[in-house]
Each structure stands twice: as C-alpha cells, then as structure tokens.
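First the structure, in the form of structure tokens, and then the observations on it.
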C-alpha cells in the first residue's frame, strides 16, 4: 500500500525542467491573501468601527516607487463590513507598523504619542536651563562628556582597523616573499638541469665549420671575408680504443659488481644414480593372470 502523504516524487531520467512552459504574469499582479486588521480603524464613509484582529480576504500588491532602505512596501485592499467601501493601508517599515492610506482613519497611532513625549521633554529641558544656570552647565558638561566618549570609541575603532590592515599587509608581504623564494628555487633547479643537458650535448656533439664548395671557393674568394663562416653540428666519433665498461659505470654500480664477483657460485648438483641400475638388477613386473 502506498503512502498517503508522499514526500518524494518520481522524476524520469529524461526530465528537463527547462522545457516546462512558464506562466507570464503581469509585472505588479495582485494576490488574494487572508489577513487580520493590524490596527483599529473607523470607516470614513459610514463611520463603522473595525477593530484590530478582524479577518478579511484582502488583495496584496507591491507599492511602485516606494521603499525603505531597500525594503519593499506592500499595500492591502479590504472592504468595510457595513458599507463595502474600499479601505487601503500599507506597511510602514520605518516605525515597524502599518499606516492607514485611504477609506479609513486610524484610532490610535503610537509613534505620534512618542513624538509628542519627546517634544514635551525637550521643551521642559529648555525651560529648566533658562531658569537654572547651574542645570544648564551640568547638561553641557554631560553632553561634552558624551561626545568625548563617542570620539574615544571612534578612535579605538579606527586604531583597531588600522592594526588589522597592517597585519593583513604584513601577512600578504610574507606570502609574497615566500612565493618569490619558491619561484627562485624552481628557477635555480631548472637552470641547473639546463646546464647539465647542455654539458651532455657538448660531450656528444661538436660544432665545426662547414666545408666550402670547390666551385664557390674559386669564384668568390674576395667575398669570403665579408660573409660569416657557416657552422654545423656533428656527432663526435668514438676513438680507436673503446672505453672499458666499468669505467662508464658509477661508483655504486662498481661496488656492487665487485661484491658479486667475490661471491663464488655454488657447485653444480651431481646427478643421483640409482643403485639398482648400477648393479644391473632388473625387477620384473607381476605376471598378469590369464583368464
């Protein structure tokens, strides 16, 4: 019996996903999604209150030409539960919330309260500094100390970055020097191998001037000094006396040959002679029984 919830599907060996035709969708198509109202709002058409958490079948789309530091902004379309008027709201990444856009007004916006509190604190601080000069001096001292701490932290970060950069440059320099040493060693080994090859070639071959033809010698005797002498490479001939074989071998091979020559070969084995044949005794086989 097969599984009810199949996780692995069969793909034939000749399956090619590039041959599957793809659907062409519009650039900014709307999708139907199921969502809950992110905040409490009031419809501008009929005055109906829509509370946070009420479920809607909404249409979602991407807002063209708007983003927040590369973050996309989405717009949602819903309908009022009483008059079916269209209400739109969109995401607000700056305040990590949603913003009412059209058809409804939000009952409470938390960032507006935060801004009001900040403005009240700033005005109260300015009023206190005007009435109390010592408080103004304390505030300026605190602000200057905070700025100095920030500058010290920034200087530490810059020093750390400079130290890391110097360490990185020194590591790169060491790696470069090591690579140059390796390349120089390889060049030295290659040069030694080429010199050995050249020496071997010089031992086997020799360069001699090419003999001039008899006809050209008589005709162009005056032009011999102007033209350079042609040089050809010929193989050297062996001398009348051939060198000994052991003189051509290295020292290690000579030592092995001397040790091998000092070891005597074992005596040949003597053929075993049967005593029965030497005495002339012959054994007769048993006579077969006759029927």
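For all residues, glycine too, the Cβ spot is worked out from N, Cα and C.
As written in TrEMBL, here are the features:
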BINDING   43, 46, 80, 83  Zn(2+) binding site
COMPBIAS  209-226  compositional bias 'Low complexity'
REGION    209-291  region 'Disordered'
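Of all Cβ atoms in the shown protein chains, 12 besides its own fall within 10 Å of the Cβ of residue 46 (Zn(2+) binding site).
In this structure, the binding-site residues under consideration are 43, 80, 83, and the one with the smallest number of other Cβ atoms within 10 Å of its Cβ is 83. Close to the recorded Zn(2+) site, the chain also has 44, 45, 47, 48, 81, 82, 84, 85: residues not among 43, 46, 80, 83 whose Cβ is within 8 Å of the site's Cβ mean position.
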